[in-house]
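K.L.:
From TrEMBL, here are the annotated features:
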TRANSMEM  6-25  transmembrane segment
TRANSMEM  37-56  transmembrane segment
TRANSMEM  68-92  transmembrane segment
TRANSMEM  104-123  transmembrane segment
TRANSMEM  129-150  transmembrane segment
TRANSMEM  213-232  transmembrane segment
TRANSMEM  244-263  transmembrane segment
TRANSMEM  275-297  transmembrane segment
TRANSMEM  309-328  transmembrane segment
TRANSMEM  340-361  transmembrane segment
Amino acid sequence: MSQFEIVVGQIVGFFIMMMIGYGCVRLRFYGMKTLDGMCMLLTRVLIPLLVFSNAVDGTTRAELVGNWGIMLLTAIMYASLMAVFAVVAWAIRLRGSRSRLFQAGFIFGNAGFIGIPLVLALFPKHGALFIVLMSIVDQALLWTYGVWLCEPVKERGRGGAGAGAAAESAAAASAAAATAGTGAAGVSGSANPVAATGSAAHVSPVLALLRRFANPAIAGILIALVIIIAGWQVPPMVLTPLHTIGQMATPLSLFYLGGLFVLTKWWGVFKRYELYVGLVAKMLAFPVGFYFAMTALAAMTPLPITHEMIQMMSLISGLPTMTTVAMFAGRSKNMPEYAVGLVLVSTLFSLASLTAISTVIF
């Protein structure tokens, strides 16, 4: 089976699982309280175990050292996305909180729920190691720059974005906060209130920053790195059940996203013109441009960047909005329904866009 066929198969599977999750909530088999529990289980147990168990399964220290180019590609990708969407937000005249949330939504992609299953299916040999190395850069940026982008901006004059943020209801904030930590980024994050709001008045800035990284996803990555660097082998009798538990992450995360379509008022985002600009720029144009640019860079320089790495990071660059962005916005009561709308609409659009860009990348 070709890599393009694998992508199409995964996308069809994602759609089916999302529709099952949608149907379960629509038929009232469970509601928001159950989705909250799913969210906590995913971000604190299943996704960290999925990454950890795949990363330590036969990976050697030599492979770790030989694949540091994936971290370089991740840094280049994020620097490019930050620059592109800062310019786009300025060009389409977005201001204040709306501008920052727009940038956050189209910079950070949902690697936790959608990217990891795709990468593991496409690159069974090195995929898990790539995810671990990518996540070091990804998580550092998410819990610093990403949190800052999702904090409300105080407008002085006629700031439509600032007024819009203030007008969001507390109920909407609660609904968006229920997306808490839904996955994440490389393998994004736990529902840490200090991290989400960035407003711990009695905590030093350094300690507050460190607390942002105190989550199971980071812990799983660091433990996996220690085991690989030390050359230890996890016994099969331990690794097999961890694999089995981690594999629950994909269907459960898609059930969760399907349920959110029923329980959140996400459709208002269709009235925002920047949505359509962002979808085309982030999920169609950028991945293709990044693929050709990095292919040219690899050909002209001796950097340790392989074609497989370029393919993976090009696919990652076109992922839909990370659900942790909605968590950050909800916890700080900063236009939460706007953030949830970006997550859900971009996720739905990704079923077509990922298939389209795969025809070029693969």
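Every residue gets a Cβ built from N, Cα and C, even glycine.
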K.L.:
Restricting to CB pairs under 8 Å, which listed stretch, 6-25, 68-92, 104-123, 129-150, 213-232, is in contact most with the transmembrane segment (309-328)?
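P.N.:
Most contacts with the transmembrane segment (309-328): 104-123.
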K.L.:
Check the transmembrane segment (244-263) against each of 6-25, 68-92, 129-150, 275-297, 340-361 and return whichever range has the most CB pairs under 8 Å.
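P.N.:
Going through each listed stretch, the top one turns out to be 6-25.
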K.L.:
Are the transmembrane segment (6-25) and the transmembrane segment (340-361) close enough to be called in contact, which here means at least 3 C-beta pairs under 8 A that are separated by 6 or more residues?
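P.N.:
Per Cβ check, the transmembrane segment (6-25) touches the transmembrane segment (340-361).
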K.L.:
Counting only residues 6 or more past its boundaries, what in the same chain has a CB within less than 8 Å of a CB in the transmembrane segment (129-150)?
P.N.:
51, 54-55, 59, 63-64, 67-68, 70-71, 74-75, 78, 82, 100-101, 103-104, 107-108, 111, 115-116, 119-120, 123, 184-189, 195-196, 198, 209, 212-213, 217-218, 221, 224-225, 309, 312-313, 316, 322, 324-325, 328-329, 332, 334, 339
K.L.:
Count, for each of 213-232, 275-297, 340-361, the Cβ pairs lying under 8 Å from the transmembrane segment (68-92), and report the range with the highest count.
P.N.:
275-297
K.L.:
Give residue numbers and ranges for long-range contacts of the transmembrane segment (340-361): same chain, 6 or more residues beyond its ends, CB-CB under 8 A.
P.N.:
3-4, 7-8, 11, 14-15, 18, 101-102, 105-106, 110, 114, 118, 175-176, 179, 182, 257, 260-261, 264, 266-270, 272, 275, 278-279, 282-284, 287-288, 291, 311, 314-315, 318-323, 325-326, 329-330
